[in-house]
Amino acid sequence: MGRLIFVSFGLLVVFLSLSGTAADCLSGWSSYEGHCYKPFNELKNWADAENFCTQQHAGGHLVSFQSSEEADFVVKLAFETFGHSIFWMGLSNVWNQCNWQWSNAAMLRYKAWAEESYCVYFKSTNNKWRSRSCRMMANFVCEFQV
């Protein structure tokens, strides 16, 4: 009886320690601060990339950065996965011509502009944002909250 309680307690500890970690992410996705991320080496325009992300998981969108630490994590992940490339993120003015917003409707709090235009991408070699026509093709990073 004591052994059963000990084993049950041990399993409970393991389960609780995995909560909110990569165990909550799909296979091939990486976890950071309660979110799962995956860079995709597929060239898509911004709208097609956003649509693809929404189909990957409930609540999925192109990545949105809420802090420099989160951005550093994703930039490093993208570089380690594919090397030098550019990646769409969820920031655009597609829906409101003058108001930038993340594709998941989060407020824009953290900024790292290099220049302005339509849809925003980042280079996997640094954390500098650039904009370009949303019709251009780029790789992308999807994100969902666990």
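The backbone N, Cα and C atoms fix where each Cβ goes, glycine too.
Taken from Swiss-Prot, the feature disulfide bond applies to Cys25-Cys36, Cys53-Cys142, Cys119-Cys134. The domain 'C-type lectin' feature in Swiss-Prot is assigned to 32-143; the stated evidence is sequence analysis. According to Swiss-Prot, the feature signal peptide maps to 1-23.
For the domain 'C-type lectin' (32-143), the model's pLDDT averages out at 89. The secondary structure of Cys25 (disulfide bond), as reduced to three states from DSSP, is coil rather than helix or strand. In the three-state DSSP reading, Cys134 (disulfide bond) counts as coil. Neighbour density for Cys53 (disulfide bond): within 10 A of its CB lie 26 other CB atoms from the protein chains shown.
When Cα-Cα distances from Cys25 (disulfide bond) are compared across the disulfide-bonded residues Cys53, Cys119, Cys142, the shortest belongs to Cys142. A separation of roughly 16 Å, to the nearest angstrom, links the Cα atoms of Cys53 (disulfide bond) and Cys119 (disulfide bond). Within 10 Å of the C-beta of Cys36 (disulfide bond) there are 21 other C-beta atoms, taking all protein chains into account.
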